[in-house]
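Sequence annotations record features per position, and here TrEMBL assigns domain 'Yip1' to 57-210. What TrEMBL lists as transmembrane segment is 70-89, 101-122, 134-156, 162-184, 196-215.
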């Protein structure tokens, strides 16, 4: 490279282009780091996010809130709560302890995974965990139905009690199905929506049947 020392640039050669450093809009969120955030603020922020998702399930509408900021904390709490309330039920046989915690837990999560895989195989545009988030949060009406059924069963297990539980579980089953399809149906091809809605219907129907047939020991 010895010859490069003799190369000079003429002073009258114009330099094309604009030599400036682009300065974009600086958002305060870019400098915000959760590492410097107090633990209390982090917990409160996550609780508010979970609460907003519960509100979206209570008033289902076409919104991307459950899909954009997905999490599995709410579904986990709902699944554990429902499994705990279903634990200790008795069936027709005295030796049969009814649905236990592990069985209910596995049925709910395995069913949600199967529905999610079916949605992806049919050409769904949402991610795996987004679908799990929606299906898990939409179990909330059935969890409320289970709580109401437990309270009704405290007064007795007669015909009137069964009719009340049937109405409550049926209404909450419809609520869960409509809420989940409101978020998931638009993510599927138009000619395959029925193939996605049908497994969702069966998923919540099985959970509803477990709630309706539950009788405490």
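From the backbone N, Cα and C atoms, a Cβ is placed for every residue, glycine too.
Unlike curated records, TrEMBL annotations are generated automatically.
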I'm a bit unsure how to read this: which one of 70-89, 101-122, 134-156, 162-184 has the highest number of Cβ pairs shorter than 8 Å with the transmembrane segment (196-215)?
162-184
Of the listed stretches 70-89, 101-122, 134-156, which one has the most C-beta pairs under 8 A with the transmembrane segment (162-184)?
134-156
Can you tell me which parts of the same chain pack against the transmembrane segment (101-122), counting only residues 6+ beyond its ends and a CB-CB cutoff under 8 A?
75, 79-80, 82-84, 86-87, 128, 131-132, 135-136, 139, 184, 187-189, 192, 195-196, 199-200, 203, 206-207, 210
